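A.B. asks: Take this structure first; my questions come after.
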Amino acid sequence: MDNGEREDGGGGGVGGELVEKLHVVQEIVAVIESVAQFGDYRRTHKKDCGGIVRRIKLLLPLLEEIRDLETPIPETGIAWLCSLKKVLLCARKLLKMCNEGSKIYLALESEAVMIRFHTVYDKFSQALGDFPSVEIDVSDELKEQIELMCVQLRRARRRTDTQDIELAMDMMVVFSKKDDRNADSAIIERLAKKLDLHTVEDLKIETIAVRNLVRERGGQNADTTQQIIEILNKFKQIAGMELTNVLDDPVMPKMLEKCPSLLIPHEFLCPITLEIMTDPVIVASGQTYERESILKWFDSNHRTCPKTRQTLAHLSIAPNFALKNIILQWCEKNNFQLPKPASPVQESSSPEHKEEISSLVENLYSSLLELQRKAVKKIRMLSKENPENRVLIAKNGAILPLVQLLSYPDSKIQEHAVTALLNLSIDEANKKLIAREGAIPAIIEILQKGSTEARENSAAALFSLSMLDEIKITVGSSDGIPPLVALLQNGTIRGKKDAATALFNLSLNQANKARAINAGIIPPLRQLLKDRNLGMVDEALSIFLLLASHPDGRQEIGELSFIENLVEFIQKGTPKNKECATSVLLELGSNNSSFILAALQFGVYEHLIEIAKSGTNRARRKANAVLQLISTSEQIP
């Protein structure tokens, strides 16, 4: 071939340069190919990962053209390729963390991770900007592609994307709530779903990721580590898993503790429990599971395949005799003792327990007041205990009579009924059933006229139910927001917190923002900022941040006295207060520069400079964004 003749005939120096070029190009291509193998990324940073991967892949045509150049590349060109490889290795490390790392860590430290993305953007942009177009003579089309990528990377670096506010609020509530009601479980459930940590398999993988994170940290950042472990254990409780010591207990099957060197073939493990199967069965999707595990999955109102997530055509199962025989042969060959099958009947699903629930539901229809009262109280207690009870109570038809009892002229029955529905609403399928039976208007009526505890639990129930977007709309259109605003203004501390959480959730819907503003939400929110002893400043500022994205909200909020309040929190608040207040100012100022002017009159500039140097990661980013707005408006000489 011509290339070979030129290389052989061109002398050792030229041949060496060509070999070195090919070697570096091959290494870079290998890095790009390894990045392409990562697959899916954690939801919290999926967009940023996708953006970097797309741009990395765009380098392949450039590398192919460089590889096919017939002329040798000078040292400056080789040096550029080497610097590009370093940038790509840095990007790969970050992408690997977002592919394999702890999902909880990535959510909790999302701002710190975002700074790492910005560093990669900077390095990538600089490397492409330094492309030696004279020394490496590629086509004009590729040169234009490089220039375009530089512009895109600089734009991505400047982008002041708002943190997932719903995720941030949920994290705040989970770590600040002191009471242990099931309303908190609803928030934890939403967090688990947002982070894809709601199946046993997901949580076992996350446990391994958390353990690896702790080892990498070597005892540093102990507070954050403890927070991650606490929320992991809360997710496990929601999923019905046994709590273990995350750092000490092995995630591998217990029977492997005595023989850790023995590797069980992956296809022998149940995808739900990650334990070796003793009674494998096939479901409609063609996947195989341990019989007991998949039956529990179906009993919890699931109609999907846990592994593929596809909806199953039917719930029939068939024994996988072929796989069972292979497992038995492997166990015999490796002298491996299969675990004994678990007892098929558990206390929570025993015939007696099922009969008790069925009888209680029947008593809800009784004409005897005392019998009704005892039945609804017992169902309230059982519905709080575990997920299995919530499914079983709903399956026995309890939701309709409970909804009917919401309108019963007995305050205690009303209170028990609304609290039972709050507990039952933790189950996703139950949320839809409760709404379908017409519970929303009745819950709103209790919120208006019920006892103190009934009103608080009604607010918590509306929060839990409004996890579903369609129920947010229903609550808003059913005039559920005004009584929540009234509870926010006049309720107990617990009532105010329940109302604030529900109003935050409902205000994620744009139409509900206007409804909340018209219902007079601004004055009680302002009062929460003044009464710092309530400990609800961050919750109030988070709702203000949502309302500030609505034109009516900006008009209502933007009084000079409110801007002065914001500046006070930016100056003297807790680190979280400063972060939230700066975020609200940024949202207001991005839409109307007069808010920035007002804040400057109250001396915000020097405080923003301080936050930009020493605030939390998110606060620093928001402060810099506000300072950039000030600079752009040329308000500072």
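Easy rule for this one: first residue shown is 1, then count along the chain.
Heads up, the Cβ atoms here are built off N, Cα and C, so glycines get one too.
TrEMBL lists these features:
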- 263-337: domain 'U-box' (DOMAIN)
- 397-439: repeat 'ARM' (REPEAT)
- 479-521: repeat 'ARM' (REPEAT)
A.B. asks: Going by DSSP assignments with H, G and I as helix and E and B as strand, what are the residue counts for the domain 'U-box' (263-337)?
C.D. replies: 25 helix, 12 strand, 38 coil
A.B. asks: Tally of helix, strand and coil residues over the repeat 'ARM' (479-521) according to DSSP?
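C.D. replies: Split into helix, strand and coil, the repeat 'ARM' (479-521) gives 33 helix, 0 strand, 10 coil.
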A.B. asks: What is the average pLDDT across the repeat 'ARM' (479-521)?
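C.D. replies: That stretch averages a pLDDT of 92.
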A.B. asks: Mind checking how the repeat 'ARM' (397-439) divides into helix, strand and coil residues in DSSP?
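C.D. replies: For that range the per-state counts are 31 helix, 0 strand, 12 coil.
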